[in-house]
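Report on one structure; see the data block that follows.
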Amino acid sequence: MATSAIQQSAFAGQTALKSQNELVRKIGSFGGGRATMRRTVKSAPQSIWYGEDRPKYLGPFSEQTPSYLTGEFPGDYGWDTAGLSADPETFARNRELEVIHCRWAMLGALGCVFPEILSKNGVTFGEAVWFKAGSQIFSEGGLDYLGNPNLIHAQSILAIWAAQVVLMGFVEGYRVGGGPLGEGLDKIYPGGAFDPLGLADDPEAFAELKVKEIKNGRLAMFSMFGFFVQAIVTGKGPIENLYDHVADPVANNAWAFATNFVPGK
């Protein structure tokens, strides 16, 4: 809920602005020359992941790709059967949404498995399973970060929600507002204060990192979907499900659960 509120508030009022990515295609600059934009293909001309000869979604068996999918952006495998990328402004918005959701999913997937791993290795948690952890805030003792009351001690769901919306909404609004952008970058890859390690300094390496980010992010989104299904079907976290599968692969696998699953039981 809080994440949806952040995303909605961050994009509110942006419809009056032209998509920065579309401006990259048309004029190559944004904000009256304040920040010069950089085309992805030009930033890494030797990369195999961009341009006409990039890998396609079905390899050599791929049909003719749509004319608007030119391999300019990372993660473009030439697949758009629904025509979602046909309109440049819609494509620019969906591209931004995908990258942001990829980043949330990668953080979320890590947050789902890491507490369970620590718990299995002797670290004390009030509740290590990701979909059960939040309910600890309603317990008498509240929710302690990492099980330590000397760290963050939460007892109000409203306070947690407000803090998340205010703090994360501020950061996301700062990013969407475009300032200050790193040189040659845009609001999806703002650089500057958002790139303290200087990963965007080398254009070719940066172009490769964009591809790695989108590929890992898409896997993370599927992983999160799998974690949700596991929680509904087995009532266990991903690490515990993995342990069960390794212990008895025949009895604990997707097919066995799918054929025996009864909703509500």
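Glycine residues also receive a Cβ, built from the backbone N, Cα and C atoms like all the rest.
Residues near His101 (chlorophyll a 2 binding site) in space but far in sequence (CB under 8 A, at least 6 apart, same chain), listed by position: Gly217, Met221. What Swiss-Prot lists as chlorophyll a 2 binding site is His101.
What Swiss-Prot records for Arg103, Ile152, Leu181 is chlorophyll b 2 binding site. Residues within less than 8 Å, Cβ to Cβ, of Arg103 (chlorophyll b 2 binding site) and separated from it by at least 6 positions along the same chain comprise Glu213, Gly217.
Gln136 (chlorophyll a 3 binding site) falls within a helical segment according to DSSP. Sequence-distant neighbours of Gln136 (chlorophyll a 3 binding site) (same chain, 6+ apart, CB under 8 A from its CB) are Gly126, Glu127, Gly142, Leu143. The chlorophyll a 3 binding site feature in Swiss-Prot is assigned to Gln136, Leu146, Glu213; the stated evidence is similarity to another entry.
The feature chlorophyll a 4 binding site is assigned by Swiss-Prot to Asn216. Within the same chain, residues at least six positions away from Asn216 (chlorophyll a 4 binding site) with a Cβ under 8 Å of its Cβ are Cys102, Met106.
Listed in sequence order, Asn252, Asn253 are the same-chain residues at least 6 apart in sequence whose CB falls under 8 Å from the CB of His245 (chlorophyll a 6 binding site). DSSP gives His245 (chlorophyll a 6 binding site) a helix state. Taken from Swiss-Prot, the feature chlorophyll a 6 binding site covers His245, Ala254.
Sequence annotations record features per position, and here Swiss-Prot assigns N2-acetylarginine to Arg38 based on similarity to another entry.
According to Swiss-Prot, the feature phosphothreonine maps to Thr40, an assignment based on similarity to another entry.
Counting only same-chain residues 6+ beyond the ends of the transmembrane segment (99-119), those with a CB under 8 A from a CB of the stretch are 3, 7, 125, 128-130, 133, 188, 213-214, 216-218, 220-221, 223-224, 227, 237-240. The transmembrane segment annotation in Swiss-Prot covers 99-119 (among others) and is backed by sequence analysis.
According to Swiss-Prot, the transmembrane segment annotation covers 151-171 (among others).
Per Swiss-Prot, transmembrane segment is recorded for 219-239 (among others).
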- Lying 6 or more residues past either end of the transmembrane segment (219-239) yet within Cβ distance under 8 Å of it, the residues of that chain are 101-102, 105-106, 108-109, 112-113, 116-117, 120, 128-131, 257-258, 261
- Output, ordered by sequence, the same-chain residues six or more apart from Ile152 (chlorophyll b 2 binding site) with a CB under 8 Å from its CB, or 'none'. Asp144, Tyr145
- Under 8 Å by Cβ from Ala254 (chlorophyll a 6 binding site), same chain, sequence gap 6 or more: none
